[in-house]
């Protein structure tokens, strides 16, 4: 009697443990053409442990197809035919024994767009298609761009490794073909630019130029590319000083070497412009005879103003360049010369005393003339006795 009483309890326990047909999968999945996507999936089905253990087979089918006759898009059953167009691209991932039906779709194609359903088979008792939970796949045009990776900033003369990758791509399907283009790559072997990685030794002239990585999937008309602008750090170069006259029409002189002497007329006004090519921009400062000039005289752009230069304002002028990758300086001698009119000109104070000097000279000359006339007259009368003495000495 006891076994008969326990039988309903055992049946009740078995019924409670009996699973049902359930499928958990995304209803809608979108992937770009040429890329891949992983669709997580899990399932359950009724199965009793005292049954025999035939192999468990799972299948993914195109919607609308008859499971008994149609080719599958993915399965773990080696005896079932797989559609040629999905062979190797649609794959089951995970352990189906652990109820994992995840589907990997690689190298997605436009014709893959559509609905798919999952089916499970085990022996004669389990043959079920989960038609109530279908996967809707949409393949859109490729808009994803490659990623270009490298350590910034690039430094002139220092080799740097660059890599290009396409987000969303996977190993399934034909391999990717990479190609690099850009002015900075001209000295490289053309075969090097066919790899996803390359080593670049940038030059100063490469700063601001474009570098492009193009990715194409072999056998498919799917191409995408990304272009980046190179930021190359380089030490100061082409240091020069240009001299401008305030009332001039252009550059009066361009100094490219140290120690050059530049003559200039006293009273002229100049602008001195110090220029240098570097990245990042260098810090410029002006010195006269080794001493830093007042910041109010200079500007951030390296321009120095010298208004109405005096005779004592010449000397050695130096432009110094400070940069993380190196420093430079350039000097010249400013020789101030008196103008030709300064030899015959006097100051305003001196010009005011000229009338008095002329008056004194004029008075002195008049006095000297008077004294000379008086002296000659006195000598004449003294020696000759005058007119009366001359008449007395005449004979009767």
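Cβ atoms here come from the backbone N, Cα and C positions, even for glycine.
When 231, 247 are compared in Swiss-Prot, the N-linked glycosylation site annotation sits on 231. Segment annotation: Swiss-Prot labels region 'Disordered' over residues 190-209 (candidates 150-169, 170-189, 190-209). When the Cα atoms are compared, residue 274 (disulfide bond) and residue 231 (N-linked glycosylation site) turn out to be 24 Å apart. Around the Cβ of residue 319 (disulfide bond), the same chain contributes 239, 241, 272, 274, 284, 285, 286, 287, 302, 329, 330, 331, each under 8 angstroms and 6 or more positions distant in sequence. Residue 164 (disulfide bond) sits 40 Å from residue 119 (N-acetylneuraminate binding site), taking the C-alpha atoms as the reference points. In the three-state DSSP scheme, residue 231 (N-linked glycosylation site) is classed as coil.
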